[in-house]
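Q: I have a structure here, written as structure tokens, and I will follow up with some questions on it.
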Amino acid sequence: MFKRLWIPVTGTSWRNIAFRLVVLQIGLMLYGFAISFMVDADIGASPWDVLGLGVAMHTPFSFGVASVLISVVVLVLWLPLRQKFGLGSLLNGLTVGLWADVGRWFTVTPDAWWLAWLQFLFGMVLLAWATAMYVSAGYGPGPRDGLMTGLTRVTKWPLWVVRTLLEITVVIIGFALGGPVWFGTVVFALAIGPLIQMFLPWWQKWMRAHAARDRRRLGEEPEAA
């Protein structure tokens with residue numbers, strides 16, 4: 001079963017695979033840092049971060065570790081949905097929260113409201129950039145995106161309906177646990193999709209160009225398995 005659901009690590013060569021893995025991990029690191037900027041701006045958080053912060057308030061875990069545990073639970077929910085996963089899915093679930101904890105060692109909560117918004121918006125744009133970066137590596141979706149696409153495939157509902165219901169549910173649970181919901185949460189929900197869509201084509205084009213250069217260098221050798 002796991003073999004059928006696993007997205008293999010492939011590329012035009014081992015050099016291309018290594019390059020894609022570096023892009024993947026840098027993207028995940030930046031994703032975690034972006035979360036730390038938004039969370040410490042203290043004007044609301046993204047829906048899943050509201051849940052992570054709420055869980056952290058009622059457990060001995062840090063926000064990052066709580067986020068990792070939530071990601072593991074979400075990945076387990078993929079199994080009955082038969083959602084395919086890859087190395088990128090696992091690394092996303094296991095490292096983004098930890099990178100967010102590292103980022104919070106250096107981020108602060110601004111005193112001025114305009115600085116808080118500036119920090120939040122910077123984090124949101126960075127998160128969109130990082131998402132496009134790690135997705136373009138092609139090694140599987142993140143836990144939350146995979147749950148969304150898996151539910152869409154199983155329920156036959158439109159993607160936007162599944163995403164909206166999922167994030168509303170997550171926000172309600174997180175808010176009930178004490179997670180911060182404010183204007184930043186609304187801004188994130190409205191803006192993150194278009195921002196990712198703006199950056200994703202650039203990253204995908206760049207990754208295809210790198211693969212094409214690698215194929216030319218190898219004289220059209222077959223993909224590495």
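Keep in mind that glycine also has a Cβ here, set from the backbone N, Cα and C atoms.
I grabbed these lines from TrEMBL:
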type	residues	note
TRANSMEM	21-39	transmembrane segment
TRANSMEM	59-78	transmembrane segment
TRANSMEM	85-106	transmembrane segment
TRANSMEM	112-136	transmembrane segment
TRANSMEM	157-176	transmembrane segment
TRANSMEM	182-203	transmembrane segment
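What's the neighbourhood like for these features in this structure?
A: Away from its own ends, the transmembrane segment (21-39) comes close to residues 9, 45-46, 49, 53, 63-64, 67, 87-88, 91-92, 95-104, 106-107, 119-120, 122-124, 126-127, 129-137, 139, 184, 188, 207 of its chain (Cβ-Cβ under 8 Å, at least six residues beyond either end).
Note on the transmembrane segment (59-78): residues 5, 32, 35, 39, 48-49, 51-53, 85, 89-90, 92-94, 96-102, 104, 142-144, 146-147, 150 of its chain, located 6 or more positions outside it, place their CB under 8 angstroms from a CB of the stretch.
A Cβ distance under 8 Å defines the sequence-distant neighbours of the transmembrane segment (157-176), meaning residues of its chain 6+ beyond its ends; these are 47-55, 144, 147-149, 151, 185, 189.
Below 8 angstroms of C-beta separation, residues 38, 41, 43-47, 50, 117, 120-121, 124-125, 127-129, 131-133, 135-136, 167, 171 of the same chain, each at least six residues beyond the ends of the transmembrane segment (182-203), sit close to that stretch.
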